[in-house]
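Here is the structure we will look at.
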Amino acid sequence: MSAALQMTGVHADLGGRPVLHDVDLRVDAGEFVGLLGPNGAGKTTLMRAALGLIPLKAGTVTIAGAGPGYVPQRHEFTWDFPATVESAVLSGLVWRIGLFRRPKVAHWQAVWHALDQVNLTDLRKRPVGELSGGQRQRVLVARALVLSPPVLLLDEPFTGLDMPAQETLAELFTTIAAERAVVMATHDLTAAAYTCDRLVLLNRTVVADGPAADLRDPAIWMRTFDVGPGSHLLKALALPVGG
Amino acid sequence: MSPLQFLADLTNPDLAFLPRALTIAVLAATMCGVVGCYVVLRGMAFIGDAVAHAVFPGLAVAFLFSGSLVVGGTVAGIVTALLVSVFAQNRRLKEDSVIGIFFVAAFALGIVVISRAPGYAGSLQQFLFGSITGIPDRDLYVVGGTTIAVLLAAFLLHKEFVAVTLDREMARALGLRTFWLDLLLYVLVTLAVVMAVQTIGNILVLALLVTPAATARLLTDRLAVMMILAPAIGAGGTVIGLYLSWSWDLPVGGTIVLTLTGAFLLAQLAAPRHGLVARLAS
């Protein structure tokens, strides 16, 4: 079976500074992958490279089907815009509808189906400005799902959300990952270790890649996050400190 | 002066400049109202101001060589928008600084150019503050045609403009050419501004762009309603403003802007759900 997302030997720069160095990553349908690393490790850059938003210096990116669905950080979206939930989701179809054309019934059906998947059907007529943080995050997920992408890229979906909202979202992502590939960049290491099938530790390049249970060596976490053996990070992950 | 008297003046053949000015002002206000919705929602009021000032050297050159004011103003506005887009690529300066530099520079150039024209002071005042006299007949056709073109462009590219405003990065990822959409929006702003400049003046035209759209935003949470309300408010304010200016012999640009500002304050007070009165009552 071909991969949903395959990155091979990817090098990429940001403002003349090398950010990604020889990144190899393969994600298959049915996998929920957590992308972990400190600020500046290149998590967002990796996603933007997968989306074709930045040129690669070297390497290749292959994506199955229609291209990835992207869920950017929540602050990228103009929430005070006078748009309803369903029209915000419809904006994900702008390219598919085509230049100078209006949405057809099939497009609205795709929107409603996506809203159904994220449990926002009841709120579809509500202005986006009146939504809570967790609801906003689900609008962005629906907007990405409306294209039925084989891969979903989530950029720090948990940031700024309270606990029940985070858990509801994590469940949603797990459900979505049953039939698609999901890659989630996050700083919530414990949640990622608990919910993701696989963790990818990134710092300019892939430091480690595997199920959380296989990443018990504290050295790889210390190397990824540039922390010492006394760091509470290692304790929070219940790694064998000093071992 | 009663509204009936105003109607009589409008149909008086000796005052033919009056209905012509009214028609042009209403069409310009309609265009500005629609384009202004994007300006307000994207938070680009400063760019609107910049474009409004930037058309000035073009008008001055056209005036000096008796060319078409519309063509001159449009070219100058687009050149400035392009310069801003190019210089804003330099990451050490924020875009608003670049805009600040170029719009004042353009305005300064306009003043230098128009100082070479005979009757300098009079024409300067006319450009800056607007006038309802001296508009040639053919401008009616130019403004009418431009109105249709601008409204059609906004209608056809509406969902693209919305997508870019909602989430620029996502729009790019979806395959939209954001640079060209931005440039086209600047061109639409420029056209709307140039059409309005003659009656309302270079400095005050920003009000036509921003005030009706902002007022409409206060009154509704639905974009479709906003884009109908804004041009309606702009056109209505223009008619009332011109009437007041004609009855009391006040400068037309200033009267129109103050009328629109009155509508904005009224909406601020009495808007449904979010207005001051509604909030105090709840």
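Even glycines carry a Cβ here, placed using N, Cα and C.
Look at TrEMBL and you will find B:21-41, B:61-86, B:98-120, B:140-158, B:179-197, B:227-246, B:252-271 tagged as transmembrane segment.
Contact between the transmembrane segment (B:179-197) and the transmembrane segment (B:21-41) is supported by 3 or more Cβ pairs under 8 Å, counting only residues 6 or more apart in sequence. When Cβ distances are compared across the two stretches, the transmembrane segment (B:227-246) makes no contact with the transmembrane segment (B:140-158), since fewer than 3 pairs at least 6 residues apart fall below 8 angstroms.
A Cβ distance under 8 Å defines the sequence-distant neighbours of the transmembrane segment (B:140-158), meaning residues of its chain 6+ beyond its ends; these are 20, 23-24, 27-28, 30-31, 34-35, 38, 68, 70, 181, 184, 188, 191-192, 195. Tertiary neighbourhood of the transmembrane segment (B:252-271): same-chain residues 21, 25, 129-132, 199-201, 204, 207-208, 211-212, 214-215, 218-219, 233-234, 236-238, 240-242, 244-246, 277-278, selected by CB-CB distance under 8 Å and a gap of 6+ residues from either end.
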